[in-house]
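What TrEMBL annotates here:
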| type | residues | note |
| --- | --- | --- |
| DOMAIN | 7-104 | domain 'Dihydrodipicolinate reductase N-terminal' |
| BINDING | 12, 13, 14, 15, 16, 17, 78, 79, 80, 102, 103, 104, 105 | NAD(+) binding site |
| DOMAIN | 108-244 | domain 'Dihydrodipicolinate reductase C-terminal' |
| ACT_SITE | 135 | active site, proton donor/acceptor |
| BINDING | 136, 145, 146 | (S)-2,3,4,5-tetrahydrodipicolinate binding site |
| ACT_SITE | 139 | active site, proton donor |
Ligand SMILES: NC(=O)C1=CN([C@@H]2O[C@H](COP(=O)(O)OP(=O)(O)OC[C@H]3O[C@@H](n4cnc5c(N)ncnc54)[C@H](OP(=O)(O)O)[C@@H]3O)[C@@H](O)[C@H]2O)C=CC1
Ligand SMILES: O=C(O)C1=N[C@H](C(=O)O)C[C@H](O)C1
């Protein structure tokens, strides 16, 4: 153990990501302060942790943020399927503690979002944007948090509100594609760790930017890096480009 070892508490510890994060915590020379799942005591976990990492469920978010804020402990939120009210809760907690929220902790996706923003800014509205994601059969939310993060990057570059520009769940007589909209398609099956492609579809040419996750270790390592970075930050809301210096 190094002298800079950090006690990291894991929310959602028995899950696919929770287990991968525990392994990454140890590999990085830190300590797992403890772990909880659905009926666990988050207040006790916060008290014994220097930083919390939450990869669980949107339903758990409010209680987790309250416990982290009461204990003055920073928290990394990787849980996806968040709605607007969850983002308000995160903003509120970030007034008193450092909070990092992201739909994807990997280096590759963080860079992809940067590239998508660049491409969307340079290619005009006549280039249609479609975001396609594929995940394992156990995933419960769609579109993925990453797809939404990539959509936000494209919307920001085009100066539009993603909620208004999105085309999701096409089925039946949809009518023509709206100019300037951002489409989403979600595929589910097997054990796919997480594939994302952003398609820019122009007249007689296409540009595709893709990231393929080969396993969950990339998310787990990124989550540990985010924990390391977040400890010692002032209260506020942060995300991955700040951690990775992108
Ligand atoms: N940001 C990123 O980079 C990534 C984000 N994710 C996201 O992380 C989340 C977890 O994914 P994954 O590990 O695959 O899912 P799993 O279903 O494998 O794990 C979720 C875990 O959270 C626990 N849990 C559920 N409700 C609560 C609660 N109220 N309090 C505490 N723990 C709870 C579950 O426990 P129990 O079994 O008792 O219900 C389970 O152990 C998802 O939202 C996923 O999209 C995933 C990969 C990367
Ligand atoms: O649930 C998953 O597995 C994943 N969830 C995240 C998302 O919703 O984007 C990140 C990654 O793609 C894996």
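Any Cβ shown, glycine's included, is placed from N, Cα and C.
Positions of the features from TrEMBL, shown on the structure.
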| residue | record | DSSP class |
| --- | --- | --- |
| 12 | NAD(+) binding site | coil |
| 78 | NAD(+) binding site | coil |
| 103 | NAD(+) binding site | coil |
| 136 | (S)-2,3,4,5-tetrahydrodipicolinate binding site | coil |
| 145 | (S)-2,3,4,5-tetrahydrodipicolinate binding site | helix |
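Ranking the recorded positions 16, 135, 136, 139 by how many Cβ atoms sit within 10 Å of each one's Cβ puts 135 at the top. Each of the binding-site residues 12, 78, 145 was scored by the other Cβ atoms within 10 Å of its Cβ; the lowest score goes to 145. Note on residue 80 (NAD(+) binding site): other Cβ atoms within 10 Å of its Cβ, all shown chains, come to 23. Each residue contributes its Cα atom, and for residue 136 ((S)-2,3,4,5-tetrahydrodipicolinate binding site) and residue 16 (NAD(+) binding site) those atoms are 11 Å apart.
Only 16, 103, in sequence order, out of the binding-site residues 16, 103, 136 have a CB under 6 Å from ligand 1. Secondary structure of the domain 'Dihydrodipicolinate reductase C-terminal' (108-244) per DSSP (helix as H, G, I; strand as E, B; remaining residues coil): 52 helix, 37 strand, 48 coil.
103, 146 are the binding-site residues among 103, 105, 146 whose C-beta comes within less than 6 Å of an atom of ligand 2, given in sequence order. In this structure, the C-alpha atom of residue 135 (active site, proton donor/acceptor) lies 13 angstrom from that of residue 80 (NAD(+) binding site). Using CA atoms as reference points, the recorded positions 12, 16, 80, 139 were checked against residue 146 ((S)-2,3,4,5-tetrahydrodipicolinate binding site), and the closest is 80. Here the binding-site residues are 105, 146; the one with the fewest Cβ atoms within 10 Å of its Cβ is 146.
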